[in-house]
Amino acid sequence: MDIKSKIESLRNELRLHNYNYYILDNPTITDYEFDIKLKELQALEEAHPEFFDANSPTQRVGGAVTKNFNTVVHDFRMYSLDNSYSKEDLLDWEKRIKKMVDGDVQYTCELKYDGASMNLTYENGKLLRAVTRGDGVQGDEVTTNVKTINTVPLQLKGDYPERFDIRGEIILPIEGFLKMNEERIANEEEPYRNPRNTASGSLKLQDSAEVAKRPLECLLYSIKGNNLNISTQFEGLQKAREWGFKVPKEAKLVNSIDEVLEYVEYWDKHRHDLPYEIDGVVVKVNSLYQQDELGYTAKAPRWAMAYKFKAEQVSTRLNEITYQVGRTGAITPVANLEPVQLAGTIVKRASLHNADQIEKLDIREGDEVFVEKGGEIIPKIIAVDLTKRPENSQPTEYITSCPECETELIRPEGEAKHYCPNYSGCPPQVVGRIQHYISRKAMDIEGLGGETVALLVKEGLISNYADLYELTVEQVIPLERMAEKSAENLVNGIEASKQIPFERVLFALGIRYVGETVAKKLAKHYKSIDALMHAPILDLVSVDEIGERIAESVVEFFSSEENKIIIERLKSFGVQLEISADKLANQTDKLKGLSIVVSGVFETVSRNELKKLIEDNGGKVSSSISSKTSYLVAGDKMGPSKRTKAESLNIPIISEQEFLTLLK
Ligand code: AMP
Ligand code: ZN
């Protein structure tokens with residue numbers, strides 16, 4: 001088989017496995033086998049850029065970065081839906097319809113998926129673009145991000161129309177949402193509020209590789225186009241399924257409004273059996289001919305109606321308000337409730353957010369409170385049942401000192417939260433900081449877990465992360481559940497962390513507001529901890545994406561004598577506190593401000609090396625040519641369409657050698 005056919009056949013095979021896995025939920029090979037094939041395809045595509053295809057399964061991993069999302073006018077306006085909240089509303093709607101159309105009316109009942117609406121345009125079976133609803137007339141183009149969503153087919157199958165739009169909802173299934181939050185909580189980041197906001201926020205992330213990491217899905221519900229040869233809504237759903245889209249099987253064709261009411265009632269009860277959230281049901285007149293007769297109001301189709309479920313509420317007793325202290329010293333009040341069944345789960349705790357929230361609702365221990373689970377996974381208290389307030393009830397007095405170390409709490413101006421300022425003596429802060437330091441995304445220390453850290457602190461063996469590097473096997477062996485082997489592993493793991501690159505060390509230090517991305521930016525800009533330590537606020541805020549809040553936090557961190565000593569000690573142990581010399585030696589600003597596209601095969605360097613050279617020298621690698629492209633570096637066998645496009649936009653086309661001279 002020649003290379004081109006080999007690539008095509010791998011692509012087709014991977015598409016099929018993707019479909020089996022994500023759409024049919026019925027994989028026929030293991031994840032491992034899938035990965036092997038994907039890697040094989042990646043290698044072939046890398047070696048043969050002339051066969052590049054933007055819709056290849058390899059494109060799902062993301063990587064391209066979008067700075068600004070273009071505005072695109074929809075070919076077909078994206079209307080909103082009229083809402084109803086009761087049976088009567090639905091019966092009224094039926095009456096209005098019956099007056100306007102002839103003949104019997106069938107309805108397609110669908111679930112109302114709670115996410116972000118998305119319009120996908122396909123041409124010749126390939127995904128052309130993905131655009132958000134926006135104001136209904138125009139939205140933002142987010143194709144690069146949407147491509148990473150596995151349930152969005154990049155290549156259709158079967159007998160699809162030449163060009164059409166298809167609409168759906170981008171959702172985040174509950175399980176995936178909870179997993180993402182677990183990780184955030186472990187990192188002491190504010191958990192995401194609900195799956196819907198997280199899904200819609202994901203679409204506007206600049207880094208598509210970040211989007212690829214999120215377990216988003218796209219559920220489809222409507223096809224738009226000219227001459228599609230489809231005559232009912234339900235038929236449209238079936239066809240979409242045949243072409244490879246994910247269309248939930250809960251959609252149902254019914255013959256009367258009574259059956260619609262049954263459907264509504266059923267799903268109001270069973271909504272929590274679904275793997276994703278719905279906020280109601282959408283009923284649509286099935287015949288597209290009748291839909292045409294009914295038409296649209298200024299804002300919504302007359303042929304469809306949403307039925308919104310009520311947010312579920314229960315009342316229960318608030319037994320106690322407790323307070324948690326986080327790694328950064330932030331205090332979070334928690335309502336401990338009499339366990340109660342709500343929205344499919346047993347609820348024992350609710351978030352109280354902060355002191356203001358408690359005061360605003362006048363929440364007190366012993367109160368009967370109303371708890372609601374709206375779009376949020378973590379339930380919240382929405383009101384107090386004052387008729388049931390006990391006689392001797394007293395207003396809640398928010399704690400003034402830390403529940404863990406008794407230090408007086410402070411509340412920084414403009415912040416809603418209280419903090420315990422006992423940075424080096426408050427146990428959850430001390431332990432939390434070290435736990436963060438060793439965590440997977442930070443120093444990733446093998447052989448050392450969170451519980452052991454707590455134990456080491458408790459036993460007085462360590463009190464900050466620099467102490468880790470002085471631990472000996474002999475000190476560790478006597479600890480609970482430690483043996484010689486595990487003690488050795490622990491010490492070796494700590495030793496190995498000295499190789500972790502500077503940017504991750506910076507993240508590991510646990511400076512408030514300095515997450516992974518910010519740490520990368522700062523490391524790249526300042527190149528060493530010494531430079532960063534001495535940077536004044538004004539200089540910090542001049543760095544791309546670094547705001548005042550972060551800058552102040554950085555300055556505060558390094559102004560502490562204690563932190564300075566810890567940093568000096570880390571330095572003396574050999575922890576990476578600057579970008580390594582060989583990395584640095586190759587870094588310049590020579591290509592600053594330039595956006596460069598690379599295409600073809602090269603002689604002296606590989607394509608990846610070329611891209612790295614661009615980035616190391618301050619330039620930006622871009623995957624497609626636009627008027628903003630500074631250069632196209634052309635190798636052997638460059639795709640002809642890239643050349644034509646560059647020529648038409650007057651973008652300079654340079655050779656590998658010319659590029660390398662730029663760097664001299
Ligand atoms: P609203 O935002 O309340 O006007 O409701 C309209 C939105 O509901 C649409 O823009 C879609 O994003 C969403 N939606 C969710 N499920 C469906 C469905 N099955 N059919 C149509 N729209 C749906
Ligand atoms: Zn404390």
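Glycine is no exception: its Cβ is also placed from the backbone N, Cα and C atoms.
Sequence-distant neighbours of D31 (NAD(+) binding site) (same chain, 6+ residues apart, CB-CB distance under 8 A): none. Positions annotated as NAD(+) binding site by TrEMBL: D31, Y32, E33, F34, D35, S80, L81, E110, R133, E169, K284, K308.
Neighbour density for K112 (active site, N6-AMP-lysine intermediate): within 10 A of its CB lie 22 other CB atoms from the protein chains shown. Residues or ranges marked as active site, N6-AMP-lysine intermediate in TrEMBL: K112.
Listed in sequence order, the residues of the same chain lying 6 or more apart from C402 (Zn(2+) binding site) and placing their CB within less than 8 Å of its CB are V325, I331, E408, L409, C420, N422, C426. According to its DSSP assignment, C402 (Zn(2+) binding site) is coil. According to TrEMBL, the Zn(2+) binding site annotation covers C402, C405, C420, C426.
Annotation source TrEMBL lists domain 'BRCT' at 586-664.
Other C-beta atoms found within 10 angstroms of the C-beta of E33 (NAD(+) binding site) number 12, with every protein chain shown included. With a cut-off of 6 Å between Cβ and the nearest atom of ligand 1, the recorded positions D31, D35, L81, K112, C420, C426 reduce to L81, K112.
Fewest Cβ neighbours within 10 Å among the binding-site residues L81, C420: that distinction goes to L81. Residue pair D35 (NAD(+) binding site) / K112 (active site, N6-AMP-lysine intermediate) shows a Cα separation of 34 Å. Counting every protein chain shown, the number of other Cβ atoms lying within 10 Å of the Cβ of C426 (Zn(2+) binding site) is 21. Listed in sequence order, the recorded positions among D35, L81, K112 whose CB lies under 6 angstroms from an atom of ligand 2 come out as none at all. Counting every protein chain shown, 20 other Cβ atoms lie within 10 Å of the Cβ of R133 (NAD(+) binding site).
A C-beta separation below 8 Å, combined with a sequence spacing of at least six in one chain, links K284 (NAD(+) binding site) to Y107, T108, C109, E110, Q233, Q291, W303, A304.
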